[in-house]
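Peer 1: Shown below is the structure under consideration.
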Amino acid sequence: MDKRKVVIIGAGHVGSHVAMALCFQGTVDEIVFIDKDEAKAKSNCFDVADACLFLESTTKIKVGDYEDCKDAQIIINSIGMPRKPGQTRPQMLTDSIIMLKDVISHLKPIEYKGIIVSITNPADVIGNYLRDELGLDRFRCFSTGTSLDTARLKRTVSELSDIDRKSVCSCAIGEHGDTSFIPFSNLTIGGQNYKTLKEQKPEKYKNLTEEYILERTRVIGYDIINGKGSTEFGIGAAAADICKAIFHDEKRVIPASVYLEGEYEFSGMACGVPCIIGREGIEEIIELPLNEKEKEQMAHTCNVIKSYIEDAKKV
């Protein structure tokens, strides 16, 4: 059996939390940190390794270099600076692309053929740029996209309805950012469309409003950053969850930002959509039926992502 190996490029707040989440899962045999700041990489390596002693985890953790990528099943791209209070994800574009070019210069010579999952913001643009520059299959190089937005959506609906989040079936679509949207026509709670629940028990579910759910889904990230300076636990767990789905060949539906080739009637950009994820990475894109309003929202978010992709080419 092949060793389940993950290389995390960028051993800062988010990268170290990806490692920690992987250790909690007990999914991975080996984690390798790569970072230009070797002292930081070693410190986080030792810290996470210490934590593993208290878990039912035999994961080995070390600091390495790009040679370690050759036999890694998954690379997590986690480079970049934390988002500052008030800063939007697109405002991080220039710095992220500059750092990404250095990563690409190291990955190209080894001709990596595994799976790359990118976290770096702006997520859709960076995942798109990475796939394009490395010439990888679109289903094997993608970003976490709206997976975290979807978690925030489910948590919000669960808290408003007082129904377990596992009974909430929905996802956020589009940009991992301010133009993401929720296809409410597909939102179900316990198998029923949420509007049906509101009609049956209007007083109990009066707080389930589309405006509030969408607002909370979009701004929770800002609230976290304004309060403590960065998001780390949620996105770390989201990336680890994708790794788990790959290693276990779960074929589970998880939102991710993948390059579109006609899906949802759009092409030429990576966009957050529900995907079936298994051993080969993304194995299929799920195309949800959208109403006219949702189609307009999809067009808007795709056009915004396209404009950011053009901006990235100028860096």
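The chain as shown is numbered from 1 upward.
Quick reminder: no glycine exception, Cβ is built from N, Cα and C everywhere.
Whatever TrEMBL says is automated annotation, not expert-curated.
So TrEMBL lists the following for this protein:
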- His176: active site, proton acceptor (ACT_SITE)
- Gly10, Ala11, Gly12, His13, Val14, Gly15, Asp35, Ile119, Thr120, Asn121: NAD(+) binding site (BINDING)
- Arg83, Arg89, Asn121, Arg152: substrate binding site (BINDING)
- 5-135: domain 'Lactate/malate dehydrogenase N-terminal' (DOMAIN)
- 146-314: domain 'Lactate/malate dehydrogenase C-terminal' (DOMAIN)
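Help me picture where these features are in the structure shown.
Peer 2: Secondary structure at His176 (active site, proton acceptor), taken from DSSP and collapsed to helix, strand or coil, is coil. Counting every protein chain shown, the Cβ of His176 (active site, proton acceptor) has 32 other Cβ atoms within 10 Å.
Neighbour list (Thr120 (NAD(+) binding site), Cβ cut-off 8 Å, at least 6 residues apart, same chain): Gly10, Asn77, Ser78, Ile79, Gly80, Ser96, Met99, Leu100, Ile126, Ser143.
Its own atom aside, the Cβ of Arg83 (substrate binding site) has 20 Cβ atoms within 10 angstroms in the protein chains shown. Under the three-state DSSP scheme, Arg83 (substrate binding site) falls in the coil class.
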Peer 1: Near Asn121 (substrate binding site), which residues of its chain come within a Cβ-Cβ distance under 8 Å, counting only those 6 or more away in sequence?
Peer 2: Gly80, Arg83, Arg89, Met92, Ser96, His176
Peer 1: Compute the C-alpha separation of Val14 (NAD(+) binding site) from Arg152 (substrate binding site), stating it in Å without decimals.
Peer 2: 17
